[in-house]
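**Q** Dropping a structure here in structure tokens format, bear with me for questions.
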Amino acid sequence: MRILWIVAVCLIGVEGSVIEFGKMIQEETDKNPLTSYSFYGCHCGLGNKGKPKDATDRCCFVHSCCYAKLPDCSPKTNRYEYHRENGAIVCGSSTPCKKQICECDRAAAICFRENLKTYNKKYKVYLRFKCKGVSEKC
């Protein structure tokens, strides 16, 4: 599984510590993060253009905005640790940057879970040329 995530990073440029973020998504949604979210809508994976297609796509938009607030933390590559307490994700605090990156990923994974009922398979592999217009501001 770890090798699959490393390959995914190289191929599609998924942001963040892909291993931890992918694990969070899997735990929260019971969906394969690579196949279910990497190409979803206009804001998941590569992209960030146009209006989010639905609530799940908005989760990705907000996640990108969260990372944009942490440019000095290298959120695309900085690994972190987290654990669970009573089923809830708890971010470790080894450094402020790692904690903030983890909190961005935690919020996105929870957002995906909260919007599972409106997950739309037609956006699962959405062609990015359909994403038109300027993206709203964070």
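The backbone N, Cα and C atoms fix where each Cβ goes, glycine too.
What Swiss-Prot shows for this protein is this:
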- Cys42-Cys131: disulfide bond (DISULFID)
- Cys44-Cys60: disulfide bond (DISULFID)
- Cys59-Cys111: disulfide bond (DISULFID)
- Cys65-Cys138: disulfide bond (DISULFID)
- Cys66-Cys104: disulfide bond (DISULFID)
- Cys73-Cys97: disulfide bond (DISULFID)
- Cys91-Cys102: disulfide bond (DISULFID)
- 121-133: region 'Important for membrane-damaging activities in eukaryotes and bacteria' (REGION)
- 1-16: signal peptide (SIGNAL)
**Q** Please work out which residue of Cys44, Cys59, Cys73, Cys131 has the most C-beta neighbours within 10 angstroms of its C-beta, and give that one of the disulfide-bonded residues.
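**A** That would be Cys44, with the highest Cβ count within 10 Å.
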**Q** When a 10 Å sphere is centred on the Cβ of Cys91 (disulfide bond), how many other Cβ atoms does it contain?
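**A** The answer is 19.
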**Q** Sorted by position, what residues of the same chain at least six away from Cys138 (disulfide bond) have a C-beta under 8 A from it?
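**A** Long-range Cβ contacts: Ser64, Cys65, Ala68, Lys69.
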**Q** How big is the Cα-to-Cα gap, in Å, between Cys44 (disulfide bond) and Cys111 (disulfide bond)?
**A** 13
**Q** Cα-Cα, whole number of Å: Cys42 (disulfide bond) versus Cys60 (disulfide bond)?
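**A** Computed Cα spacing between Cys42 (disulfide bond) and Cys60 (disulfide bond) is 9 Å.
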**Q** Calculate the distance in Å between the alpha carbons (Cα) of Cys102 (disulfide bond) and Cys66 (disulfide bond), and round it to a whole number.
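**A** Cys66 (disulfide bond) has its Cα 11 Å from the Cα of Cys102 (disulfide bond).
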**Q** Compare the Cα of Cys131 (disulfide bond) against each of the disulfide-bonded residues Cys59, Cys91, Cys111 and report the nearest.
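**A** Of the disulfide-bonded residues Cys59, Cys91, Cys111, Cys59 has its Cα closest to that of Cys131 (disulfide bond).
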**Q** Within 10 Å of its Cβ, which one of these disulfide-bonded residues (Cys60, Cys97) has the largest number of other Cβ atoms?
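**A** Answer returned by the neighbour count: Cys60.
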**Q** When neighbour density is defined as the number of other C-beta atoms within 10 angstroms of a residue's C-beta, which of the disulfide-bonded residues Cys42, Cys66, Cys111 has the lowest density?
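**A** Counting other Cβ atoms within 10 Å of each of the disulfide-bonded residues Cys42, Cys66, Cys111, the minimum falls on Cys111.
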**Q** Using a 10 Å cut-off, grab the number of neighbouring Cβ atoms around the Cβ of Cys102 (disulfide bond), all chains included.
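**A** There are 27 such Cβ atoms around Cys102 (disulfide bond).
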**Q** To the nearest whole angstrom, state the Cα distance for the pair Cys59 (disulfide bond) and Cys97 (disulfide bond).
**A** 21
**Q** Using C-alpha atoms only, work out the spacing between Cys91 (disulfide bond) and Cys66 (disulfide bond) and round it to an integer in Å.
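**A** On Cα coordinates alone, these residues lie 15 Å apart.
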**Q** At the level of the C-alpha atoms, what whole-angstrom distance separates Cys97 (disulfide bond) and Cys66 (disulfide bond)?
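**A** The separation of the Cα atoms works out to 12 Å.
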